[in-house]
Amino acid sequence: MAACCGAVRGFLFEYDTPRIVLIRSRKVGLINRAVQLAILAYVIGWVFLWEKGYQETDSVVSSVTTKVKGVTMTNTSTLGTRIWDVADYVIPPQEKNAVFIMTNVIFTLNQSQGHCPELPDDNTECNNNSSCVPGYVSTHSNGIQTGACIPYNSSIKTCEVFAWCPVEDDYHIPKPAFLQGAENFTILVKNNIWYPKFNFSKRNILPTFSSTYLKNCIYDAQTDPFCPIFRLGKIVEAAGQNFQEMAVEGGVMGLQINWNCNLDRAASHCVPKYSFRRLDNKDSANTVSPGYNFRFAKYYKDSSGIETRTLIKAYGIRLDIIVFGKAGKFDVIPTMINIGSGLALFGVATVLCDIVVLYCMKKRYYYREKKYKYVEDYELVRELDLLLSG
């Protein structure tokens, strides 16, 4: 009797719960292996070889200084013959990670504080004093209106202002650019970098450079790709721009220095890579306020003690030096993390295989029917089990 009950119990245990019977076939096995090979290729090829998942990484910390050199000459009716050197066209002498080089200029000479006619426009032209409001000043005013309407020239009257007189007239920008010779100015860029996590530091003036080489080299992407001295015209040209056109109204250029270093290799392989682009948008359909310019003044007193100034509206090229990069070095922790993640992905192979077989293949209905087999009389078998146990 006990043997009989045991046999019955064994039979019932076999059907005690719904069974899931996996239908194995050669095609399914091939799909499963293909998915596993794809995961293996991803882990080895992408994670470890391409992304270097076995390395610890760090971001660059850097400092930049610049030194500009070059001399040019102008000859105009206003200033006569004049030499321009670094002290004249680099404004200010030093900036943080940037340098401005003046290429065009509008001078307003011998200004002094007093009363004079405002520049003519829709808001300043007048016929009599009633058109001018004492104390009025707008965003574009050169001074404060006095309430008088005075002649600007033989045909136009404008409101009188208390301002630095004569007021600046910047309606006409000099073309071609005032300092056309700026194209040949050179810029020495000194860049020091540091990766604090690895205590690794270097500079873009490489140890192999000699003083003679540094005095004579000019950066060229083909012949001198590591020379830190750049010709201004070549920078603009490398960004796909025309220097003489850009020099008229100015613009903003970017000199990018990329330090991507594999510190598992020798330090000599960690070298900068330079690239150039124009940062301010040049859109032919949008010509409002183009380029880059600003004003400054030089003050002095004349022989009678009256304070006067020369107002300068400077157009030029601002060069922003942008340094970025990443260094990597072998470390056990990221290596083990990525190996563990790769092994875990193999568990996904079965799931992906099921998705392909059950939803993508032509015989997916057949596989779905055969993959799962449920015991129909589950409740009946459980009742029999309870009776036998009682």
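Keep in mind that glycine also has a Cβ here, set from the backbone N, Cα and C atoms.
The disulfide bond recorded by TrEMBL for Cys126 joins it to Cys149 [selected from Cys116, Cys149].
For Cys116, the cysteine that TrEMBL lists as its disulphide partner among Cys165, Cys217, Cys227 is Cys165.
Between Cys217 and the candidates Cys227, Cys261, TrEMBL records the disulphide bond with Cys227. Maximum C-alpha to C-alpha distance over the listed ATP-binding residues Lys67, Val68, Lys69, Thr186, Asn293, Phe294, Arg295, Lys313 is 24 Å.
Separating the Cα atoms of Phe294 (ATP binding site) and Cys165 (disulfide bond) is a whole-number distance of 19 Å. Rounded to a whole value, the Cα-Cα separation of Cys217 (disulfide bond) and Asn293 (ATP binding site) is 31 Å. Cys270 (disulfide bond) and Thr186 (ATP binding site) are 25 Å apart (CA-CA, integer value). Recorded residues Lys313 (ATP binding site) and Cys227 (disulfide bond) have their alpha carbons 34 Å apart, per Cα-Cα distance.
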